[in-house]
Amino acid sequence: MKTLRALLIDDERLARQELAALLKVFPWIEVVGEAGNATQALKLVEELKPELLFLDVEMPGRDGFSLLGALPEPRPRVIFTTAHDQFAVKAFEVEAVDYLLKPVHPKRLAAALAKLRNVEKREKVEEEGTDMNGRGEGVLAEDDRVLVREGERCWFVPVKSIRLLEAEGNHTRVHFQNERPLLYRTLTAMEARLPEKIFLRANRSQLVNVNFIETAGAWFSGSMKVALRGGPEVEFSRRQAQIFRERMSL
C-alpha cells in the first residue's frame, strides 16, 4: 500500500508524542507534521497536503469539527482522537474513518488503520472500474458517454448531462434528465473520474455541474444557494462558495 501522509492535531503535546510513537510500527503512515490548534492545522494542511488527519475535538479556539468545516473539498481522511465519547455520532456524520478515545490503545489504533486500508482499497477498485458503477479508468471528458446502471435498468448518459451527484452514505445518487439512480460508489470516487472543468463540490455531500446553475444568491454566514436547471436547489458551503465565485469571476 502507498504511504499516507498524516498530520497530528491536538493541543496536548504529550498526546501528540504518544500517538507519533504508536504510529512508528505502521511503516505506511508517515507523520509529516503536528499542530497544537486549528489555526496551525489549517496552515499545515495547505503546506503539507496530508492525506490523513488524527484530530482532537476540543481545542482552544476552533474545535475539530469547526476545523473540518474550514477545509476545502475533498478533505483528508480523518481519525478522531479525543478524551470525550459524546462526539462519536457527530464524528461519523462527517465521515470520519474512526473515533479513538484517549489514551489511545495500540489495538484500537491498529483496528482504525485496518479500517482505513479497507476504505482505500475499496475506492481504488472503484476508481479502476469501465462505467460509472465501478469499472473504467481515467478522467472522463464532458463529451464522453458513460454507462449508468441501477438494478436491471441501464442508461448511456453524456457526462455533460449529469447535473448533480449526492452522497448517500457510501453510495451516490446521480441526477440526469428525469432520472435519479443510486450507484454503489462513493462520491469521492465519482468525483475523481469527472472533469473538473464543469463539476465542482458544493459541500461535503453534493457535486454540481456548474453549467446547470441558473441562479445564485448569498445565503447564511457567507454560504451561497444556487438553483439548478431541472432542480433542485443546492447550498454551497462558505469555502466552496468562495471557490465558485473565484472560478466563475463573480
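Even glycines carry a Cβ here, placed using N, Cα and C.
Feature annotation from TrEMBL assigns domain 'Response regulatory' to 5-117. As annotated by TrEMBL, domain 'HTH LytTR-type' applies to 146-250. The 4-aspartylphosphate annotation in TrEMBL covers Asp56.
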What is the pLDDT of the domain 'Response regulatory' (5-117) when averaged and given as a whole number?
92
Do any residues at least six apart in sequence from the residue listed as '4-aspartylphosphate', in the same chain, have a Cβ closer than 8 Å to its Cβ, and if so which, in order?
Ile9, Asp10, Asp11, Glu12, Ala15, Gly64, Phe80, Thr81, Thr82
Secondary structure tally of the domain 'HTH LytTR-type' (146-250) (DSSP, helix then strand then coil):
27 helix, 51 strand, 27 coil
Please list, for the domain 'Response regulatory' (5-117), how many residues fall into helix, strand and coil according to DSSP.
47 helix, 26 strand, 40 coil
